[in-house]
């Protein structure tokens, strides 16, 4: 059972405010554009200012936990903003780091970095392994580290470690923990092991080129590092800490990015999820009992623990200094200012493993010794074992009484772990009362043991005095009848396979009557059971193609293929069984994979199954030949 333990960091502090860091990327001026200079500048390590768009002679100032200027290195960003929250993971608490900002502001560079300048994600994972390695081996804790990696693309949760997986659901357990059933969880033992899984998975992330960014992220990527530590000695306490490293996709102005087609659809999904994220922050800061719209987006559902939840959270807001990013930068700074007011309530997630005691087995053995149906050899072995161990009725009493005491002790330990300070006195009274009851049980146990020894001595004297048993059983033991020899073998029925040639056609009666529905159903079932000589079941489906002229059929197929490869949205919708949604999917597939080489490639389009493709071909070929 999971226990919630309150956090105390240097006192009675049981809350943690979201830390907000702002990073300004270097100014990149293009010679062809009008050089207007930067619109943002830093004042010190915590303050910055931006030009007021209403009055160019004034500036708007902001105060944050940390401000990283243009010359700030990746190492400085990690040491000042991310490293302080990582030790909480090893104590069974959650932590999260996510990068926020407009597209082209440097979020992916901050989180991933490069080979020469690694970003937050590789540095944080390496630091987690260093913290585990630095722990004393005599601490009596075993550590296990695992990883999961996913992306949210067009409101679909996709597993990057298993790219062939479908949209995964998001669930919540009874302890309010967010779970994703089916998500791949890989155990890693070193940073090299992590790098071996992470680098190929990063290449599976959806990216594309826009006017503002050559390699723009089209999805939100979330890396989960899970640290589980288990105590070696009983009671085996287990603490679980999670680290969420989130690289958000940037908000986009489609007028400047030039998005069209599938890029426009991706941009709409990204902006909608970021708008929901802003609504969540506003609801948390309102201070009233309003509904927090976590469930309105997959992104906010997964960030539920990071914003207003139980995690130590750090948000790195990336901004750009150019004037063309002015309104995006202004909105990002306002969002960051609101986010730093959010208060989380971290706690330690701990599970106490209850030891499995052999209560049921001891009870069964006790009942079996009292019954006379047990075989003689098994009873003799148990009697010898009882003599060696010196146990008898008192041993059974001990095995039955000890589990109840252990259960009460474990229940009291759980109660002490989860109770508040004001309830400690009542718990201590219960502990004293339980100790008194345990002492009484021990005294009763000693009495039972002494009585058991007297019973065993009396039984030994009686066995020595009696040389022969008073009753002799001369009847031969019962023997099992040989059923195989007495009963003849039954002849098994041999089922002959159904053959077509044996079916005789029904003779038509002289009087013609209307065939009943039951007869029709029986004949239909019989025809389904009969297998054709060639073994093909779909001959009737493709029979309509064999009845058409080969040249006309090929001409119609080429005409349909030409429309699929070069037709616009209106021409694609003119095809039979192709609506607006299916036409847009065909355009998107054609933009990514190129032209259709054959009509059967249409099955690769999302939602187009083989059955739908067959009906599509039949409807369009008949329509083309009719025209």
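Backbone N, Cα and C define each Cβ position, glycine as well.
As annotated in TrEMBL, coiled coil covers the listed stretch 424-458 rather than the other ranges in 424-458, 459-493, 494-528. In TrEMBL, the annotation region 'Disordered' applies to 363-402, one of the ranges 363-402, 563-602. In the predicted model, the coiled coil (424-458) shows an average pLDDT of 81. Cβ neighbour count within 10 Å across all protein chains ranks 101 highest among the binding-site residues 101, 104, 106.
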